[in-house]
Amino acid sequence: MVLPSSVSQWAALIALLCAGLANAHTVITYPGYRGNNLHTNGTVEQSNGLGQAEVNGSVIFPYGMEWMYPCGGMPTTTNRTKWPVGGGAIAIQPGWFQGHQTALIYINLGLGTIPPNMSHPMVPPFQITGPTNDPYPGTICLPQVPLPANTSVKPGDHATIQVIETAKHGAALYNCVDIEFAEPSEVEEVTRDNCFNSSIISFGEVFTTTSLTSAAAPKSSLMSVLPVYMVALLSWAMM
């Protein structure tokens, strides 16, 4: 499908990347994200190998902010986005940094205004494959991400959605959006403009097997990836 929005928007983002203002990684385009954490500054030597350090009264992130658990170096926001009490859409741009032609995506939920952890998986992890190992445009969207199992919320409750993208070398990028649960009628409408899947990005399943020589995947393995297939089918149906 044709990528929505203008090419000029992507060009502007690439310009920021090249200017050194952003050594970018992952962006949650719907329902939004905590804030601009696409920053890389300072050197590894200045931080003594740490992901964050204070130098001359300023905080540096030599590897980039998004490598920092749990939300890419961004604090909790008071400007929360409304999200449906029964679950809703999540759209991501995964190709903002080199090394992400293949990646695993995790989507978790943390409950409360300032969640003590992000230990509630919303969907099984899934793989994406992009067109190149260099930065690339494109969006993926899951139109109906459910609440974690055995989770009950009501309108007005606070939570944080965490998106993790693990690169092929195992390093993880973190991004979050702080939400307030609301009735669907109070939530920004999901459309083909804010929730779509770019044709240059494909999905892959993640499953376990007891034998690499088996001619067919075990039934339990197939059942374990069924939720991902269902979400992917819903996604492509919206294209």
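Using N, Cα and C of the backbone, Cβ positions are placed for all residues, glycine too.
Feature annotation from Swiss-Prot assigns signal peptide to 1-24.
Taken from Swiss-Prot, the feature Cu(2+) binding site covers His25, and the record attributes it to similarity to another entry.
Sequence-distant contacts (6 or more apart, same chain, Cβ under 8 Å) of Asn41 (N-linked glycosylation site) comprise Ile60, Phe61, Pro62. Taken from Swiss-Prot, the feature N-linked glycosylation site applies to Asn41 (among others).
Taking the Cβ of Asn56 (N-linked glycosylation site) as centre and 10 Å as the limit, one finds 6 other Cβ atoms among all the protein chains shown. Per Swiss-Prot, N-linked glycosylation site is recorded for Asn56 (among others), and the stated evidence type is sequence analysis.
Under the heading disulfide bond, Swiss-Prot lists Cys71-Cys176 (among others). If you draw a 10 Å sphere around the CB of Cys71 (disulfide bond), it holds 27 other CB atoms from the protein chains shown.
According to Swiss-Prot, the N-linked glycosylation site annotation covers Asn79 (among others). Taking all protein chains in view, 8 other C-beta atoms sit within 10 angstroms of the C-beta of Asn79 (N-linked glycosylation site). Secondary structure at Asn79 (N-linked glycosylation site), as computed by DSSP, is coil.
What Swiss-Prot lists as N-linked glycosylation site is Asn117 (among others). Shown in sequence order, Pro70, Gly110 are the residues of the chain, 6+ apart in sequence, with a C-beta less than 8 angstroms from the C-beta of Asn117 (N-linked glycosylation site). DSSP gives Asn117 (N-linked glycosylation site) a coil state; it is part of no helix or strand.
Under the heading disulfide bond, Swiss-Prot lists Cys141-Cys195 (among others), citing similarity to another entry as support. In three-state terms derived from DSSP, Cys141 (disulfide bond) belongs to an extended strand segment.
DSSP assigns Asn150 (N-linked glycosylation site) to coil in the three-state reduction, outside any helix or strand. Swiss-Prot lists Asn150 (among others) with the feature N-linked glycosylation site, giving sequence analysis as the kind of evidence.
Sequence annotations record features per position, and here Swiss-Prot assigns N-linked glycosylation site to Asn197 (among others) based on sequence analysis.
Positions annotated as GPI-anchor amidated serine by Swiss-Prot, on the basis of sequence analysis: Ser214.
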